[in-house]
Amino acid sequence: MIHVTALIIFLTCMVLSEAQHEPGHCVFYEECGRNPSIGESLIPPIVPCLDYSQARHIKGEHYRKLKEVCPILDRGENNTYTCCSIKQLSSLERSLTLSKAVLIRCPSCAENFAHLHCINTCSPNQSQRVKVTKVMNVTTLGKTKEAVVAYQSFITTTFADAAFQSCKNVRIPATGGFAISTMCGRYGAKLCTPQRWYDFQGDSSNGLAPLDIDFRLIKEGYSEGVPEGVIPYNGRALKCNETTPSGGQVCSCQDCQESCPSVPPLLPPPSPFRLLGIDGFLLISIVLFCLLILAFLLYLSVSCAMRSMKRKDEERGKRKKKGKDQNSNDVIQQVIHPSEVTCADRNSLAAQAFLSLKFQQWGTVMATYPLTVLLLSAVVVAVFSAGLKSIELTTDPVELWSAANSRARQEKDFHDTHFDPFFRTNQLILTAPGRKGHIYDSLLFGQQNFSGLVSKDLIIELLQLQKNIQGIEFWSEDLNRTASLKDVCFAPLNPSNPSLTDCAVNSLPQYFQNSLDNINAKVNMTELGVTKEVDWRDHLIYCLNSPLSFKDITDLGLSCMADYGAPVFPFLAVGGYKNDDYTNAQAFILTFSLNNYARNNPKFKVAMQWEKEFLKIVQDYQKNPSTNFTFAYMAERSLEDEINRTTAEDIPIFMISYAVIFVYIAVALGEYSSCKRILVDSKFLVGLGGILVVACSVLASMGFYSWIGIPSSLVILQVVPFLVLAVGADNIFIFVLEYQRDVRRPGEKREEQIGRVLGNVAPSMLLCSLSESVCFFLGALSTMPAVKSFALYAALAVLMDFILQMTAFVALLSLDARRQDNNRCELLCCVSVSTQRPNKPNEGFLLPFMRKCYAPVLLHRFTRIIVMLVFIFVFCGSLFLMFNVTVGLDQELAMPKGSYMLNYFQYLYKYFEVGVPVYFVTKKGFKFSSVEGMNAVCSSVGCDQFSLTQKIQYATTYPDRSYLAIPANSWVDDFIDWLNPGSKCCRLYTLGPNAGKFCPANQSAFLCGRKCMATPPNGVLRPSVEQFNRFLPDFLGNRPDLQCPKGGLGAYDTAVVRDQSGEIIASRFMAYHTPLTNSQEFTAALLMARELAHNITMGMRKVPGTSPDFEVFPYTVTNVFYEQYLTIVPEGLFNISMCLLPTFVVCCLLLGLDLRSGLLNLITIIMIVVDTVGIMTLWGIDYNAVALINLVTAVGISVEFVSHMTRSFALSTKPTHVERAMEATANMGSAVFAGVAMTNLPGILVLAFAKAQLIQIFFFRLNLVITLLGMAHGLIFLPVLLSYFGPSVNKAVLLQLQQAKAKELEMRNNMRQVYDNLSYDDNEMKRETQAATNDSRPSKVIENQKEERIDHF
């Protein structure tokens, strides 16, 4: 038996070696049966019989079949010879159909691909093209025949290169990748070459080739290695921009670069603003600085000259500094004639007199009935605050930062209404630092680098973790049963009734179908005479480069598809690799995708519950000491959870901050004249009352807006009390300190004194409060919900705070003054002290210091010049820095320090190689069913060169400008390819009850013998409107498989939305952004995507039948967060301008149309805002909506620092500007410093200990900057500015004082005469009563009456 076998092998070799390679001869013919050397295969591996014979002349059915499958061999029915039977043609057609399903987008590529296989199988000169290298005995129906199981094919490099070039850029619309990547094995698209392409086609282990073909690519003119008689095939391969002989059109630009029109090069990005070769903003700031300095120096020179002239005039007696009154007494002030008083001066005096009188009357009433006022105030606050029972707290970031009518929100609503919302992502990024990699010498792929991470034990550990997460179960109250992943998971191929294996889980173990047996599988394999073991590494190398393969090229025969039926692209499974060296990756990526239900859907809570369990398992796994991974993780709920957690954790910090402020106010308000009177003179209850007034005003504001349905937010809870406390504390200090510094006049009641003091300070309090309230109400014009709601809440809170201060706080101060007058201790009202209160004003420490030390030094002639120069320099420098402030808010700043999300963001930016998906969404109004409509969208043969998908393809060639990395998939392209009769996808039943209906590709050809569409004569397939509407639902519901990879289920079934009439009312095309790492890149990507979408819209509107309001827009899940940064600069300028306007107008009106005071007020506040933005740039504080809220707050706090000082200066009657500035600085500056600066600073410094970075940056840093700059400008710059440019003294006030003094002198003269008369009468009375008794009571009565009259006068 052994001898017989040896003899057969010897004879076979002799036959193979002696076979002649001559024209007109075949080396194999007819089918012999199944290849015995191939086990499982994707298609039956039918091999031909060894048969060295002449080519057969064919006709009839045989000829027609050849003409259909291999038209390249057609020489006419009477002159056509071939080396293949009709059965071989059918098998070849079946094999080519699978490839055409992918390549049919480019007719010349598909033709070139079929060209060579037709030559090898059917050419009449077959013996001159191929050499059989291996045969095996095959027994079929009891007959044993020699079957060819391997041969060599000789082709020239000219043909091979041309064929490869025509196919290398053909795309797969569903993935955006290249078709060649699925047909080049381990090399993928980037490393594929003609030789590697043909090697894959001839490898029987790929599951598609029925036998092994060794393609030999021979250069023209070379004969080395070519058997005698063999002539390498050198036919003409079509270029991709050529039409095919069968009528196929040129390939599209997306599939063929040679077909692309000449697109003008992109304009270079706009260069930075430059003037004279330097930064333009820097030059402008320098020029402005020089101009302001020159103007100031010019002003000093002119002022000095005018003072010199004035002195000379005085010396000559032309002008006297001192005047004489009617009694010839010297007066310091200039004598004012009524005709010198201007209308503005009279208006200012009238306004001040009116306000002072009304507030004095009001204060007296409030102080007279304190308990009634407090009760009524409490009732009003309670009524307002009752609305808190229905308060709505907005925590959804979308609702918080994106306006409901904004473009991004409207686009999001449209997308989420017509399509499912973007799925919820739960992800782990796992690394194994410190593990050494290794080099694997693969039998098939050569030496490959494997990182320490990509190892069998870690893959198995990852699989176990994945299964633990997939096995999560919990009791759901909403479902009233045990819930698991399958209840909420995203299952693209079985969305209606998914099992666990239908859930979309993307990970590296999915290349092994999550099977431990597949990971452990190994087999010996022989390749080119070398036998080695192949294992999981060979399979992984192949799948990472060919993720769409249903079977690898190893003898393992494993699929690369995930267990849920879809491919796992390598950038979704691994990260941290370079140049597609996937096995050297530094990170595994494990992603669980859940359906994103609406918040009112019961399953939303189920998804949230699952994510909670997911986080618990992951966190427990991280704490496990046996864990070999270092990893980061996140759930969809993580952002919201962490923000809420840090807010709760930082509430104590805010409470401590408020407590520190309260303690300071309670201590600072007290007047301490004696140790024995500390408990009497302290103002603990007054301070507490002031805090309660602030709290009540905030509660009333929140309650009122809750009544009318305007939601609140955490930002409001954190910022508004702080703002109102700063404003309220300032007013409290001004009022209380003025009362303490005042002395009760003889005969004046306590209530009258409080009313008089209130009349003095309330107009200033009204000026600031009204300015701030109007400022915030105008700020509510903002389109940002968070800014708008903050402005509304703040405006009403400031207004309520002022009202309560004018009522409840006045009443409270009246009660406290009554206690203090009775020498009763605070908190222990029954205890009194014997030490009496000194009857003199209590100036404290700060006022004398400001008057005697600070103000004289500040307003020294040289100090003033230095101050002006420094502040001008700071302003110009900040102006330059303002133009360089970073716009945006990186999402990691919203996380507290130590949050696991910070680690996740770090891993995300480091290891991810692709960005977020971006959908180009079409609205209603476009006819996709028309030929023109399809051509305006698709990117395959016959499509417009500037179609929707083609424009996106052009954009991806400039990723650094467009921020697009992967072109859009296209359901239109795949639908057309699906309809192509050259594929097996769209067929109709010809037998049975379903005759005439759609037949899936996995059904037998016997049942489905009819194609959906006929082959078009011009090679450009386009369905009619009727065919489009008929077959589109079949396409969208067809599950992709090996027989038909173009099925639309999973990829497109949710991408097309039709109404009841069948019209497409919405569709989407998905592309991918480049990796985006900060808010600036996200914003730029949004802007460029919108520009591209607008360009596409304008092009598609030109298609006949398109609605004029048809639109294409880009949608990314992050757009709603980053859209604000496209407009936040003009939005901020508008809001701050609206806030600055009332500060100027209210100041002018309440000071009696004092335009100069209003202007100086405005200039100082503008300088504070500009300097704040400049410091933001230096301190790394980005400009965003949170910063804008703080800048609006800065305007309000600046009003407190500035307006009180401006009004105090305007009403001062000192003779010179410097003296008036000194008086304002000493009197009002001390109150402002104690009330605003020292109230804010302790509370701000406590915020430095907050955990949330957002609070540390935008509340601690920014509020500290605002307070320090406000203090510097209000207490340093403004007094100096007023001393130079402040308004002149109000002559109406001087005239009033002058008239009052004249009346006082007149009254004194009259009083002196009365006194003289009374003295004369007294003497007469004494002489008349000398003989009387010594009783002196009548004289004492008269004396007392005299004193009372004098006091009265």
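Cβ from N, Cα, C; glycine included.
The shown structure was predicted, so the numbers you read here are calculated from the model rather than taken from an experiment.
Noted in TrEMBL for the protein shown:
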SIGNAL    1-19  signal peptide
TRANSMEM  280-302  transmembrane segment
TRANSMEM  367-388  transmembrane segment
DOMAIN    650-815  domain 'SSD'
TRANSMEM  651-672  transmembrane segment
TRANSMEM  684-708  transmembrane segment
TRANSMEM  757-784  transmembrane segment
TRANSMEM  790-815  transmembrane segment
TRANSMEM  865-884  transmembrane segment
TRANSMEM  904-922  transmembrane segment
TRANSMEM  1133-1153  transmembrane segment
TRANSMEM  1186-1206  transmembrane segment
TRANSMEM  1226-1250  transmembrane segment
TRANSMEM  1262-1285  transmembrane segment
REGION    1329-1353  region 'Disordered'
COMPBIAS  1337-1353  compositional bias 'Basic and acidic residues'
Any chance the transmembrane segment (1186-1206) and the transmembrane segment (757-784) are in contact, meaning at least three CB pairs closer than 8 A with a sequence separation of 6+?
yes
For the transmembrane segment (1226-1250) and the transmembrane segment (1262-1285), decide whether they are in contact, meaning at least 3 CB pairs lie under 8 A, counting pairs 6 or more apart in sequence.
yes
Six or more residues beyond either end and a Cβ under 8 Å away: which residues meet both conditions relative to the transmembrane segment (684-708)?
377, 380-381, 384-392, 658, 661-662, 665-667, 669-670, 716, 720-721, 724-725, 728-729, 732, 736, 789, 792-794, 796-798, 800-801, 803-805, 808-809, 812-813, 816, 826-827
Intrachain residues whose Cβ lies under 8 Å of the transmembrane segment (280-302), provided they are six or more past its termini:
272-274, 865, 868-869, 872-873, 876-877, 879-880, 883-884, 1284
Same-chain residues near the transmembrane segment (904-922), Cβ under 8 Å, at least 6 residues beyond its ends:
411, 414-415, 422, 427, 429, 431, 571, 575-577, 586-587, 589, 631-634, 638, 891-892, 895, 948, 952, 963-966, 968, 1064, 1066-1077, 1085, 1089, 1092-1093, 1096, 1100, 1110-1118
For the domain 'SSD' (650-815), mean pLDDT (0 to 100):
81
